[in-house]
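The structure under discussion appears below in the form of structure tokens.
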């Protein structure tokens, strides 16, 4: 049994405000209304993530939300204290609720590990029974508590993290699905040219005893509608069918708000974008979301930026199903100018990348690159930068957008202590880490994710590269593997895909942060530029050494988070191949580490090692060579000693990630009001009560959880333990 403290959010958990009030105040009333209705859509869609995280998450949300909505928090607290609950236990209850709301479930959005309340179940029960909600409807509250209690606290090995079959919990597949099932489903979907972004997969037994796999699409409509839905057919000794109507009542609310938002859109691109999103969510038609994304790309430099749908695939154990997210943000013009200059130089900067023009896109599709102040971000966590859409054919042929979430970056770093560095390095890191991170986000998103070609054979048999001339830089022979019709990067690289691509983008950021012209764009020259570059490398390698292994699970030898694995790989690469360029040593046996990076060798040896590595990463990605990718990654991401032991030291110094408290908007009369909340657990709870002021969403979530429960029966005995 792992140490229980690894699954608790401490009572001193930091909450930070995600403040966008200045940018919001500068909007016109029409823009505020547009932002408001988009935010309403995003928040209601974000509730889908509860259903996508664990079977119990929707029910836990309902239980907590019902309790908070029924009375002012101060009243609940007084009643709880009177019942004998301690101040500490009540605080732990609020922190747990804050964590559940922030992560949209009881597993961390970053790292996928479970968290449980930092108070005994008896105390939690006392709080519930002291509540007005219990007084008003004790049968319902008691039933919810009895239904979720064991799942809230259960730490049987399979329950400690997200994953497939015995490796963890997932709701993207029914709990009886194994990796073999997932691969078979993947094969069948490839034959039908279905991408998995908006579906979940449930395995049952057909009347004749053969397995039946139901591919269930997210949509408002629940009826069958070929060719979107498909009747039962057999394939490799099993049956397959496609149905729709997943999350239907929540998507219905999303669509109502998106439809209202259309009235306040400022141009046809925005109107068309929303129209297609609504169609996509109504029908369960992914091609409509792609069409909406095309209009979104064309909407260059808008004042209000938004993107909503089933987007990132990090949390599907097979790396293909998208988690719902929705963001609404205001463009920060000053910071966006710097990113605009980076885009202007992008074609020149891409030529500096080490893999050569044969493995680069035929033409660089100039994206929109803006810095945003986030007003609303729903889902399981807030990133610092985004490069979307994720649809390969649009990214390769039509373009994409980059956004840096400007008000997220400084908030994420608030009040953070930094172990494992010398005092001098610590001071530099504190001084420049936000600046360096903005540079890294820019390079990572624009020139990392935005670069590199996939070598492909078209449906008519032709190739998108010259098969006679193009050589594989690793073998110096011709190209021997490529992508065929119906294959995407995600479907070829599956579980490795996210970490491999994040590693490529991070390495591009390190490589290009050595270019003085790029630092000048961000306003850094001379000594200061050198310091920002050094801090960029130091920060990423420190992350790889001091943070990443928190996201590694020794019992199953799996990495739970793509970015963490990517950073560990880069750190190990430089530690093993750098000849002293990067050293990590145990400065106090069993207690402390010291990481040292040789600043004067970054532009020479550092650049060469990362450059050679980038050629490997891009060649493997371009040729779709999954097994070579797996071999390379296993070499650098296995926790060979002393790293297995050092993980314990890392965990001793672990600090919880900051939880963001977001504001709400309210449409009152002709105006839109922005309401901010204190950066505390109480403020977090208050923001969610105002966001969903009645229990209508709780009824919906309980209904969805109940309808799905039959697919997760395998997990029941574990939570009863």
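For all residues, glycine too, the Cβ spot is worked out from N, Cα and C.
Where the annotation comes from TrEMBL, it is an automatic prediction and has not been curated.
Record features, source TrEMBL:
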{"type": "ACT_SITE", "residues": "445", "note": "active site"}
{"type": "BINDING", "residues": "444, 449, 502", "note": "Zn(2+) binding site"}
Long-range Cβ environment of residue 444 (Zn(2+) binding site), under 8 Å and at least 6 residues apart: 385, 505, 506, 508, 509
All-chain count of other Cβ atoms within 10 Å of the residue listed as 'active site': 28
Neighbourhood of residue 449 (Zn(2+) binding site), C-beta criterion under 8 angstroms, separation at least six: 387, 400, 402, 501, 505
Proximal but sequence-remote residues of the same chain as residue 502 (Zn(2+) binding site) (Cβ under 8 Å, at least 6 apart): 562, 563, 565, 566
